[in-house]
Amino acid sequence: PTKRCVGLDVGLKVFYANSDGETVEIPQYYRKAEKRLNRLNRKKSKKFRKDQPQSNNYQKARKRYAKKHLRVSRQRKGFAQKEALRVIKSNDFIAYEDLNVKGMVKNSKLAKSINDVAWSTFRQWLEYFGFKYGKATVAVAPHNTSQNCSNCDQKVPKSLSTRTHVCPHCGYVEDRDINAAINILKKGLSTVGHTETNTLGERFPLVWLDTSCQIKETR
(Lines of atoms letter the chains of each structure in order from A and count residues from 1; the text may use other names and numbers.)
(Lines give C-alpha, C1' and ligand atoms only; values in the text may rest on other atoms or scores of the structure.)
Protein backbone atom coordinates (compact mmCIF):
# COMPACT_ATOMS: atom_id res chain seq x y z
CA PRO A 1 0.00 0.00 0.00
CA THR A 2 1.14 3.53 -0.76
CA LYS A 3 -0.83 5.11 2.12
CA ARG A 4 -1.42 8.02 -0.23
CA CYS A 5 -4.70 9.66 -1.16
CA VAL A 6 -5.56 12.11 -3.91
CA GLY A 7 -8.43 14.25 -5.19
CA LEU A 8 -8.87 14.78 -8.92
CA ASP A 9 -10.58 17.73 -10.61
CA VAL A 10 -11.12 17.05 -14.31
CA GLY A 11 -11.57 20.03 -16.59
CA LEU A 12 -11.35 21.62 -20.02
CA LYS A 13 -8.20 23.67 -19.33
CA VAL A 14 -6.22 20.66 -18.10
CA PHE A 15 -7.13 16.97 -18.20
CA TYR A 16 -7.07 16.98 -14.43
CA ALA A 17 -5.51 18.80 -11.51
CA ASN A 18 -4.85 16.88 -8.32
CA SER A 19 -4.76 17.74 -4.65
CA ASP A 20 -0.95 17.44 -4.60
CA GLY A 21 -0.71 20.46 -6.90
CA GLU A 22 0.01 18.56 -10.11
CA THR A 23 -1.71 19.01 -13.48
CA VAL A 24 -1.92 16.80 -16.57
CA GLU A 25 -2.40 18.47 -19.94
CA ILE A 26 -5.17 17.52 -22.38
CA PRO A 27 -3.71 15.75 -25.46
CA GLN A 28 -6.55 17.13 -27.67
CA TYR A 29 -6.54 14.22 -30.10
CA TYR A 30 -9.76 15.32 -31.81
CA ARG A 31 -8.77 18.99 -32.06
CA LYS A 32 -5.46 18.03 -33.67
CA ALA A 33 -7.21 15.73 -36.16
CA GLU A 34 -10.20 18.00 -36.81
CA LYS A 35 -8.98 19.60 -40.06
CA ARG A 36 -8.05 16.22 -41.49
CA LEU A 37 -11.41 14.74 -40.44
CA ASN A 38 -13.32 17.64 -42.01
CA ARG A 39 -11.36 17.24 -45.24
CA LEU A 40 -12.07 13.50 -45.36
CA ASN A 41 -15.73 14.14 -44.61
CA ARG A 42 -16.01 16.65 -47.47
CA LYS A 43 -14.44 14.17 -49.88
CA LYS A 44 -16.87 11.51 -48.73
CA SER A 45 -19.85 13.84 -49.13
CA LYS A 46 -18.84 14.83 -52.67
CA LYS A 47 -18.85 11.20 -53.74
CA PHE A 48 -22.26 10.45 -52.22
CA ARG A 49 -25.09 9.87 -54.73
CA LYS A 50 -28.64 10.19 -53.47
CA ASP A 51 -31.05 7.35 -54.38
CA GLN A 52 -28.29 5.46 -56.17
CA PRO A 53 -25.95 2.59 -55.32
CA GLN A 54 -22.79 4.11 -53.91
CA SER A 55 -19.59 3.87 -55.95
CA ASN A 56 -16.37 2.16 -54.92
CA ASN A 57 -14.78 5.59 -54.57
CA TYR A 58 -17.46 6.59 -52.07
CA GLN A 59 -16.91 3.39 -50.07
CA LYS A 60 -13.17 4.03 -49.99
CA ALA A 61 -13.72 7.62 -48.83
CA ARG A 62 -16.16 6.46 -46.16
CA LYS A 63 -13.67 3.89 -44.85
CA ARG A 64 -10.84 6.44 -44.73
CA TYR A 65 -13.04 8.80 -42.72
CA ALA A 66 -14.16 6.04 -40.35
CA LYS A 67 -10.58 4.81 -39.89
CA LYS A 68 -9.40 8.28 -38.86
CA HIS A 69 -12.27 8.62 -36.38
CA LEU A 70 -11.45 5.21 -34.94
CA ARG A 71 -7.82 6.18 -34.49
CA VAL A 72 -8.80 9.31 -32.54
CA SER A 73 -11.16 7.28 -30.36
CA ARG A 74 -8.45 4.71 -29.60
CA GLN A 75 -5.96 7.46 -28.74
CA ARG A 76 -8.41 8.98 -26.25
CA LYS A 77 -9.14 5.64 -24.63
CA GLY A 78 -5.46 4.72 -24.48
CA PHE A 79 -4.56 8.01 -22.80
CA ALA A 80 -7.41 7.70 -20.27
CA GLN A 81 -6.36 4.13 -19.49
CA LYS A 82 -2.70 5.06 -19.01
CA GLU A 83 -3.48 8.01 -16.73
CA ALA A 84 -6.01 6.04 -14.67
CA LEU A 85 -3.51 3.24 -14.09
CA ARG A 86 -0.83 5.73 -13.07
CA VAL A 87 -3.15 7.37 -10.54
CA ILE A 88 -4.30 4.03 -9.11
CA LYS A 89 -0.78 2.64 -8.71
CA SER A 90 0.39 5.84 -6.97
CA ASN A 91 -2.47 6.10 -4.45
CA ASP A 92 -4.64 3.97 -2.18
CA PHE A 93 -7.59 6.38 -2.08
CA ILE A 94 -8.83 8.37 -5.08
CA ALA A 95 -11.69 10.88 -5.01
CA TYR A 96 -13.24 12.57 -8.05
CA GLU A 97 -16.46 14.35 -8.98
CA ASP A 98 -19.64 12.48 -9.87
CA LEU A 99 -20.27 14.52 -13.01
CA ASN A 100 -23.38 14.31 -15.18
CA VAL A 101 -21.41 14.17 -18.42
CA LYS A 102 -24.45 13.26 -20.55
CA GLY A 103 -26.20 16.39 -19.37
CA MET A 104 -23.13 18.56 -19.88
CA VAL A 105 -22.62 17.55 -23.53
CA LYS A 106 -26.08 18.93 -24.32
CA ASN A 107 -24.35 22.32 -24.25
CA SER A 108 -23.38 22.56 -27.92
CA LYS A 109 -20.59 25.05 -27.16
CA LEU A 110 -18.85 22.61 -24.82
CA ALA A 111 -19.82 19.23 -26.31
CA LYS A 112 -16.82 18.90 -28.62
CA SER A 113 -14.32 19.78 -25.88
CA ILE A 114 -16.01 17.52 -23.31
CA ASN A 115 -16.03 14.57 -25.70
CA ASP A 116 -12.36 15.16 -26.47
CA VAL A 117 -11.30 14.84 -22.81
CA ALA A 118 -13.20 11.56 -22.30
CA TRP A 119 -14.06 12.08 -18.62
CA SER A 120 -16.42 9.11 -18.51
CA THR A 121 -13.79 6.78 -19.98
CA PHE A 122 -11.23 8.01 -17.44
CA ARG A 123 -13.63 7.38 -14.56
CA GLN A 124 -14.48 3.89 -15.82
CA TRP A 125 -10.79 2.98 -15.96
CA LEU A 126 -10.18 4.46 -12.50
CA GLU A 127 -12.91 2.27 -11.05
CA TYR A 128 -11.82 -0.81 -13.00
CA PHE A 129 -8.19 -0.52 -11.91
CA GLY A 130 -9.26 0.46 -8.39
CA PHE A 131 -11.21 -2.79 -8.10
CA LYS A 132 -8.41 -4.81 -9.71
CA TYR A 133 -5.69 -3.49 -7.41
CA GLY A 134 -7.79 -3.13 -4.26
CA LYS A 135 -7.80 0.68 -4.13
CA ALA A 136 -10.70 2.85 -2.94
CA THR A 137 -12.26 5.06 -5.64
CA VAL A 138 -14.95 7.51 -4.54
CA ALA A 139 -17.20 9.78 -6.63
CA VAL A 140 -18.37 12.85 -4.71
CA ALA A 141 -21.04 15.46 -5.41
CA PRO A 142 -19.52 18.35 -7.40
CA HIS A 143 -21.55 21.00 -5.54
CA ASN A 144 -19.33 23.98 -4.58
CA THR A 145 -16.01 22.15 -5.03
CA SER A 146 -14.77 25.07 -7.15
CA GLN A 147 -16.40 27.79 -5.08
CA ASN A 148 -15.42 26.86 -1.52
CA CYS A 149 -12.03 27.70 -0.04
CA SER A 150 -10.15 24.48 0.65
CA ASN A 151 -8.34 26.17 3.55
CA CYS A 152 -11.19 27.71 5.57
CA ASP A 153 -14.30 26.19 3.87
CA GLN A 154 -15.87 29.61 3.25
CA LYS A 155 -17.68 30.09 -0.06
CA VAL A 156 -15.79 32.30 -2.52
CA PRO A 157 -17.95 32.85 -5.65
CA LYS A 158 -16.02 33.00 -8.91
CA SER A 159 -16.82 32.88 -12.61
CA LEU A 160 -15.52 30.17 -14.95
CA SER A 161 -12.99 32.64 -16.35
CA THR A 162 -11.41 33.19 -12.92
CA ARG A 163 -8.45 30.80 -12.83
CA THR A 164 -7.03 31.71 -9.41
CA HIS A 165 -8.77 31.15 -6.09
CA VAL A 166 -8.18 34.11 -3.76
CA CYS A 167 -9.97 33.82 -0.42
CA PRO A 168 -10.97 37.17 1.14
CA HIS A 169 -11.65 35.39 4.45
CA CYS A 170 -8.32 33.67 5.17
CA GLY A 171 -6.05 34.98 2.40
CA TYR A 172 -5.42 31.57 0.83
CA VAL A 173 -4.33 31.80 -2.83
CA GLU A 174 -4.31 28.76 -5.10
CA ASP A 175 -4.91 27.64 -8.66
CA ARG A 176 -8.66 27.24 -9.12
CA ASP A 177 -8.49 23.59 -10.19
CA ILE A 178 -6.06 22.55 -7.45
CA ASN A 179 -8.27 24.23 -4.84
CA ALA A 180 -11.20 22.21 -6.21
CA ALA A 181 -9.15 18.99 -6.15
CA ILE A 182 -8.36 19.50 -2.45
CA ASN A 183 -12.08 20.03 -1.73
CA ILE A 184 -12.88 16.85 -3.69
CA LEU A 185 -10.37 14.88 -1.60
CA LYS A 186 -11.84 16.24 1.64
CA LYS A 187 -15.34 15.25 0.50
CA GLY A 188 -14.08 11.82 -0.44
CA LEU A 189 -12.39 11.27 2.91
CA SER A 190 -15.61 12.21 4.70
CA THR A 191 -17.27 9.14 3.13
CA VAL A 192 -14.85 6.64 4.70
CA GLY A 193 -16.89 4.08 6.61
CA HIS A 194 -19.90 4.47 4.31
CA THR A 195 -20.93 2.43 1.26
CA GLU A 196 -20.06 3.48 -2.28
CA THR A 197 -21.62 2.51 -5.62
CA ASN A 198 -19.43 2.54 -8.74
CA THR A 199 -20.48 3.07 -12.37
CA LEU A 200 -21.05 -0.67 -12.76
CA GLY A 201 -23.73 -0.53 -10.06
CA GLU A 202 -21.59 -2.52 -7.62
CA ARG A 203 -21.84 -1.50 -3.96
CA PHE A 204 -18.92 -1.87 -1.61
CA PRO A 205 -17.90 -0.57 1.84
CA LEU A 206 -15.25 2.12 2.14
CA VAL A 207 -13.16 0.61 4.89
CA TRP A 208 -9.97 2.48 4.08
CA LEU A 209 -7.01 2.68 5.76
CA ASP A 210 -5.30 5.69 7.15
CA THR A 211 -7.51 8.78 7.05
CA SER A 212 -4.64 10.90 8.34
CA CYS A 213 -3.20 11.12 4.82
CA GLN A 214 -1.56 14.41 3.98
CA ILE A 215 -3.55 17.15 2.27
CA LYS A 216 -1.65 19.89 0.47
CA GLU A 217 -0.58 22.62 2.86
CA THR A 218 -1.63 26.23 2.30
CA ARG A 219 0.91 28.65 0.95
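Even glycines carry a Cβ here, placed using N, Cα and C.
For 40-49, the entry in TrEMBL reads compositional bias 'Basic residues'. Under the heading domain 'Probable transposase IS891/IS1136/IS1341', TrEMBL lists 2-107. Annotated domain 'Cas12f1-like TNB' per TrEMBL: 119-184, in sequence order. Annotation source TrEMBL lists region 'Disordered' at 40-61.
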**OP:** Over the domain 'Cas12f1-like TNB' (119-184), work out the mean pLDDT and round it to an integer.
**Re:** 94
**OP:** Could you tell me how many residues in the compositional bias 'Basic residues' (40-49) are helical, how many are strand and how many are coil under DSSP?
**Re:** 7 helix, 0 strand, 3 coil
Original post:
In the domain 'Probable transposase IS891/IS1136/IS1341' (2-107), how many residues does DSSP call helix, how many strand, and how many coil?
Top reply: 57 helix, 16 strand, 33 coil
